[in-house]
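Accompanying notes for the structure given below.
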Amino acid sequence: MTNNLDKLKIGNKSFNSRLMLGTGKYRTTQSAIASIEDSNCDIVTVAIRRLPVNLKNDNINFLNKLDWNKLWLLPNTAGSQTAEEAIRMAFLGHELACQVGQEDNFFVKLEVISDPKYLLPDPIGTLKAAEFLIRKGFTVLPYINADPMLALHLEDLGCATVMPLASPIGSGQGLNNLANIKIIIENASVPVIIDAGIGTPSEATQAMELGADGVLLNTAVAQSKNPSQMASAMRLGVQAGRLAYLAGRMEKKYYADASSPLEQISKLI
């Protein structure tokens with residue numbers, strides 16, 4: 001287990017879990033709820049465009065079945081093709097947070113994606129929307145390409161995190177942008193959350209071993225054969241990677257180094 005003092009701090013909030021879970025693509029509502037529970041995540045992200053205007057009038061929506069005293073809602077602006085659309089979505093997201101009893105929740109996962117084929121985030125639109133939302137008091141978590149300079153610009157604007165993609169969203173290709181992600185982690189003064197492209201627990205572990213502060217997953221869990229079980233596996237993968245990062249990797253050596261040196265044995269004789 002990680003140290004209780006080793007919390008993920010985003011804005012003015014602290015979280016025990018470094019795994020965030022999305023809510024799309026699940027085969028059933030029950031599967032989504034079970035996966036969230038088994039992941040032990042603290043943050044759940046929800047696409048605003050998929051939700052009704054008023055949750056109180058929707059007894060079917062699974063968000064009404066989650067315990068929002070234990071979970072923190074992260075509305076996301078998925079589907080926004082322009083900065084203006086993302087800004088509107090962000091304000092709707094705050095209204096949703098209020099409906100689940102989180103009036104002080106101004107978090108938003110900012111996604112501006114104008115490319116319908118490859119679903120790569122729009123850096124210009126993201127910068128524009130982030131600047132406006134920060135001025136309005138939002139805690140902005142921007143989804144970006146693994147671009148070290150863009151990450152720095154967003155941090156300078158006041159973003160609470162940066163969220164570089166590991167590989168294209170929903171692809172399960174893993175950490176394809178390893179070199180740039182390392183640079184982002186090295187340069188960042190805000191938490192770095194790896195978002196999109198991770199397909200296995202070992203890839204989540206690798207991301208955390210690099211020094212990432214957290215991982216956000218959706219498709220890898222929702223589209224697995226057993227989402228609840230995969231959610232548990234991802235939880236353990238993130239925990240293992242974080243522990244390994246804190247413990248510190250052994251130094252790589254060119255030559256072999258015996259684990260039972262002869263000089264130590266001679267002292268016992």
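Glycine is treated like the rest: Cβ placed from N, Cα and C.
Database features, via Swiss-Prot:
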ACT_SITE  Lys109  active site, schiff-base intermediate with DXP
BINDING   Gly170, Ala196, Gly197, Asn218, Thr219  1-deoxy-D-xylulose 5-phosphate binding site
Legend entry - Remaining residues near the recorded 1-deoxy-D-xylulose 5-phosphate site, that is with C-beta within 8 Å of the centroid of the site residues Gly170, Ala196, Gly197, Asn218, Thr219: Gly22, Pro168, Ile169, Ser171, Gly172, Ile198, Leu217, Ala220
Inset, instruction - Identify which of the binding-site residues Gly170, Ala196, Asn218, Thr219 has its Cβ surrounded by the largest number of other Cβ atoms within 10 Å, counting every protein chain shown. - result: Ala196
Inset, instruction - Write out the long-range same-chain contacts of the residue listed as 'active site, schiff-base intermediate with DXP', meaning residues 6 or more apart in sequence whose Cβ is under 8 Å from its Cβ. - result: Thr45, Leu74, Pro75, Asn76, Thr77, Leu141, Pro142, Tyr143, Met163, Leu216
Legend entry - DSSP-derived class (H/G/I helix, E/B strand, else coil) of Thr219 (1-deoxy-D-xylulose 5-phosphate binding site): helix
Inset, instruction - Would you mind listing, in sequence order, the residues at least six apart from Gly197 (1-deoxy-D-xylulose 5-phosphate binding site) in the same chain with a Cβ closer than 8 Å to its Cβ? - result: Leu165, Ala166, Ser167, Pro168, Ile169, Ser171, Gly172, Gln173, Gly174, Leu175, Asn176
Inset, instruction - Sort Lys109 (active site, schiff-base intermediate with DXP) into helix, strand or coil using the DSSP assignment. - result: strand
